[in-house]
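*Asks:* Following this message is one structure expressed as structure tokens.
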2 protein chains.
Amino acid sequence: MLAEFDLIRRYFMSSQEASAASNGVTLGCGDDATLLAPSAGQQLAVSVDTSVVDVHFPREAPAFAVGHRALAVALSDLAAMGATSRWCLMALTFDQRQFADDEATHVWLEAYARGFHALSQQHATALVGGDVTSGALSIGVTVMGEVPVGEALTRCGAQAGDLIAVTGALGGGAGGLALWQQGERDLTHPLLRRYLLPEPRLAAGLALRGLATAALDISDGVLADLAHLREASQVGADITLDALPLAEGLESLLGTEGALKAALSGGDDYELLVTLNAADIAKAQQRLASLGLTLTVIGHCCETLGISASGQRDLSRYVSGYAGWQHFSGETP
Amino acid sequence: MLAEFDLIRRYFMSSQEASAASNGVTLGCGDDATLLAPSAGQQLAVSVDTSVVDVHFPREAPAFAVGHRALAVALSDLAAMGATSRWCLMALTFDQRQFADDEATHVWLEAYARGFHALSQQHATALVGGDVTSGALSIGVTVMGEVPVGEALTRCGAQAGDLIAVTGALGGGAGGLALWQQGERDLTHPLLRRYLLPEPRLAAGLALRGLATAALDISDGVLADLAHLREASQVGADITLDALPLAEGLESLLGTEGALKAALSGGDDYELLVTLNAADIAKAQQRLASLGLTLTVIGHCCETLGISASGQRDLSRYVSGYAGWQHFSGETP
């Protein structure tokens, strides 16, 4: 059995120490708290997310993916604010008795730390605090980013007439989960990657600063997340179901109906949902294209509160099972 | 069953919103992340602590105490840095199915939130982020404080000749746990309070800024925590067992031997362990006295690494069961 301090030092400190010094960290892990130097003229954006085994990821998920995913879902919140990620703290709870022996524990922890570190390095996010406790597997990640005063993307700036757009493709999270449940374990499968190794859209959030009037990340499906945006901005939304960008391979896996349902209410996509003035959409699409990302218009904001659908398809067909649905009745809030 | 967002709003947001505006919070809970305005010329001190049921607190602990304690142990790390606490984020994992019905859930959550809030308000610490997930009961708390550049108390400034001192009294955490295990449930019992409702020594940490050469909080018992300080500062320590300030009622509960063992290696005391130049001890004691706290000299730092004991008592008698002991052999490191 490894003691907490040894564990943190062995798996989580070494590769971070080098990057920490250049990232505003004046005192790294090991003291009671870590001292950070926030940049002048910036606001701090902070958020916390917990990933629990059997709730947010399967018990048999590869340790590398568990580490990656726990950080990714937290970073996704910074992306939605248009913030630059700088620091994170990680609270890992796990049960050493779950493993056959110390070697198995070591293998799991090493892969977990590798997944966490690879993503934190990709986004220049120094791990500045850690806690390891014994209990049911769960990971709490607090992320801290910076954004110039007044430039953060919030949920409350959307106005009637604004276009509604999403980055990348939707439904991949739900599709990947379905695949996993069917026994697929090949992490190179694009849908499985979307579910287990989501990519937080930090670069997109940064690129949309100054253009998006509102933004949030899609963790619960477009319908539920759009509802948060509608409520915060006090606007209605009209979406075109045929315009939803579906993840590659999703229709062949789930059929058209299933794919639309996955995109609307499946969750776990971690794309950004944004609103923009129509005059800015081309510029925004151009910026995202330079990042290798699409930005697809899926509807527009309107004055009448509530949600409606344009086009041939009836929205209500796709929302059974969507818990938020009872709050909507056609066009009413 | 309550949804996450409702739950956070219902139990954790209302009483915080008023205080948030005056505490550098420009955008409160409800967006993807919260925006904070750090003060100019200050370093941020950050730390994370997880409290797990059956590991850090008993399953039957009163909900008020669970909320208080989860925040207290995290704030204790800021106290040890001499930081002023400003913000916290809370990740609560709990299982609604554990409760008989929605009413029982409500009663627990309401008391939990009350315990958390009472302490956060006492220390002007705004709750700026929350996550509620389903799973085995556990609470992750990230705390953020501020300290003027260069003034933080760290573990590495102790020098040979410095006095070693502790705030308040020791062994109360272990004594309270023993009482709890004996069936005591009266939270007005001083020892039980020390275990379930520890008071983070933030005011003491602040008062010791500029005086203490090193500091940390006592979470694992004086011996284990002093070992961290010795290692970080590369000094040895000589302590006088008879000088240890024992919590009131501890000796009558555990006997003299048991009380000393509780103080040395029981843990959960959350007092501060500091080193000071002998010339500063009177001033430090004066400052703490004005806070209603004692500061007791328990030994001094020496050049020879390792730990030794002065006085009539033999240190080795009290350290069986102390996991760190095998690293010590008398006077050697």
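Each residue, glycine too, has its Cβ placed from N, Cα and C.
Relevant sequence annotations retrieved from TrEMBL are reproduced here:
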| type | residues | note |
| --- | --- | --- |
| DOMAIN | B:30-147 | domain 'PurM-like N-terminal' |
| BINDING | B:D49, B:D131 | Mg(2+) 1 binding site |
| BINDING | B:D49, B:D77 | Mg(2+) 2 binding site |
| BINDING | B:G130, B:D131, B:R155, B:S219 | ATP binding site |
| DOMAIN | B:159-303 | domain 'PurM-like C-terminal' |
*Asks:* Among B:G130, B:D131, B:R155, B:S219, recorded ATP binders, what is the largest CA to CA distance in Å?
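*Replies:* That value is 32 Å for the farthest Cα pair.
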*Asks:* Go through the binding-site residues B:D49, B:D77, B:G130, B:S219 for me and flag any whose C-beta is under 8 angstroms from a C-beta on chain A.
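*Replies:* Among the binding-site residues B:D49, B:D77, B:G130, B:S219, the ones whose Cβ sits under 8 Å from a Cβ of chain A are B:D49, B:D77, B:G130.
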*Asks:* Any idea what the Cα distance is from B:S219 (ATP binding site) over to B:D77 (Mg(2+) 2 binding site), rounded to a whole Å?
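*Replies:* Just about 9 Å between their Cα atoms.
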*Asks:* Near B:D49 (Mg(2+) 1 binding site), how many other Cβ atoms are within 10 Å of its Cβ?
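*Replies:* So the number of other Cβ atoms within 10 Å of B:D49 (Mg(2+) 1 binding site) is 24.
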*Asks:* Does anything in the same chain, at least 6 positions from B:D77 (Mg(2+) 2 binding site), have a Cβ under 8 Å from its Cβ, and if so what?
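*Replies:* Counting only residues 6 or more apart in sequence, the Cβ neighbours of B:D77 (Mg(2+) 2 binding site) under 8 Å are B:S47, B:D49, B:V143, B:D217.
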*Asks:* For B:G130 (ATP binding site), list the number of other Cβ atoms lying within 10 Å of its Cβ atom.
*Replies:* 24
*Asks:* Sequence gap of 6 or more, C-beta under 8 Å: which same-chain residues meet both conditions with respect to B:R155 (ATP binding site)?
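*Replies:* Residues satisfying the criterion: B:A214, B:A215, B:L216, B:H228, B:L229, B:A232, B:S233.
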*Asks:* For B:G130 (ATP binding site), which DSSP three-state class applies?
*Replies:* strand
*Asks:* I want to verify one value. Collapsing DSSP to three states, which class is B:D77 (Mg(2+) 2 binding site)?
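*Replies:* For B:D77 (Mg(2+) 2 binding site) - judged by DSSP and reduced to three states - the answer is helix.
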*Asks:* Pop the mean pLDDT for the domain 'PurM-like N-terminal' (B:30-147) in here, whole number is fine.
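*Replies:* Across the residues of the domain 'PurM-like N-terminal' (B:30-147) the model's pLDDT averages 94 on the 0 to 100 scale.
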*Asks:* Sort the residues of the domain 'PurM-like C-terminal' (B:159-303) into helix, strand and coil with DSSP and give the three counts.
*Replies:* 66 helix, 31 strand, 48 coil
*Asks:* DSSP-wise, what's the residue breakdown of the domain 'PurM-like N-terminal' (B:30-147) into helix, strand and coil?
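*Replies:* Secondary-structure composition of the domain 'PurM-like N-terminal' (B:30-147): 43 helix, 47 strand, 28 coil.
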